[in-house]
Amino acid sequence: MNPQAKLVCTTSLILGSTITLSSNHWVMAWAGLEINTLAILPLIAKSHHPRSIEAATKYFLVQAAASALILFSSMINAWHTGQWDITQLTCPTSCLVLTAAIAMKLGLAPFHFWFPEVLQGSSLITGLLLSTAMKFPPITLLFMTSQSLNPTPLITMAILSAALGGWMGLNQTQTRKILAFSSISHLGWMTIILVYSPKLALLNFYLYVLLTAAVFLTLNSTKTLSLSALMTTWTKTPALSAMLMLTLLSLAGLPPLTGFLPKWLIIQELTKQSMAPAATIMALLSLLSLFFYLRLAYCATITLPPHSTNHMKQWHTNKSVNPLVAILVSASLTLLPISPMILTIV
């Protein structure tokens, strides 16, 4: 992709997100989401591989349907109340349609089928954008309407997402698909707490973005797309492979790493809201995700393949690590001790 086209796509992404984040009117929010969708499509399809074209087509169809549902939901609400303001969503039908539409946008179960396929057809950097930046505007809309939404469908989708995200990631061999199911599982944690503590859901999203960006950029710097390739990366960058293992364990939510903070706070808040059964189910379902993170971590650092692989073993290189990767990995591992300060900021 030439630099001018890349600049136009990147600027449009920033513009679309900014319009959605700063809008009070439903039509403006919808327009921002549409700009975002159209800007990311060339980035998904840029490799001209049939899988990339398929991924771009799937992404377009799902996002167009979700955008139409958002517009439909806001029109129903305007018909009943005469209000186009995002925070004045009071019609129950509108709330239900909007919940389904944003679940499609985000890739929450049971609307998650498109997400792993689209991520598998994209490059690692585009996959990072799809997993983080493209989820920010829909999450913001959920945050703004959280007081109006019915908690029952949200909690159902959250538990389903945590279950399917963990369960379907177990037998994957492609790193992008594993990270897609990891994303679905994390979205379940954000959704279950959204109605009760929207700020905690946003904190969870910010830390999820931090950890996911660290993993994607590390995999991109080692050019790792599958588990068999991951097994041979330690010869090329041993220190980065060790850091990748710790970042994956942080993403799994193990103490004393950063990823433990949102899970701990969400379970605490659910218990305060007399939802101990839901908290127990979510905690148990996170063990499924932990299994495939441990599998990734094991492949990254501990194993040498016992047989000859199709991948040429890399020579150790003196190439320095990208400073951004170093900063993100450090933050992914060390933020738990300063959690009281983070909570005061949030």
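Each residue, glycine too, has its Cβ placed from N, Cα and C.
Taken verbatim from TrEMBL:
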DOMAIN    23-288  domain 'NADH:quinone oxidoreductase/Mrp antiporter transmembrane'
TRANSMEM  57-80  transmembrane segment
TRANSMEM  113-134  transmembrane segment
TRANSMEM  154-171  transmembrane segment
TRANSMEM  178-196  transmembrane segment
TRANSMEM  202-219  transmembrane segment
TRANSMEM  240-261  transmembrane segment
TRANSMEM  281-304  transmembrane segment
DOMAIN    290-343  domain 'NADH dehydrogenase subunit 2 C-terminal'
TRANSMEM  324-345  transmembrane segment
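Over the domain 'NADH dehydrogenase subunit 2 C-terminal' (290-343), the average per-residue pLDDT in this prediction is 76. Below 8 angstroms of C-beta separation, residues 203, 207, 210-211, 213-214, 217-218, 221, 240, 243-244, 246-247, 250-251, 255-261, 265 of the same chain, each at least six residues beyond the ends of the transmembrane segment (324-345), sit close to that stretch.
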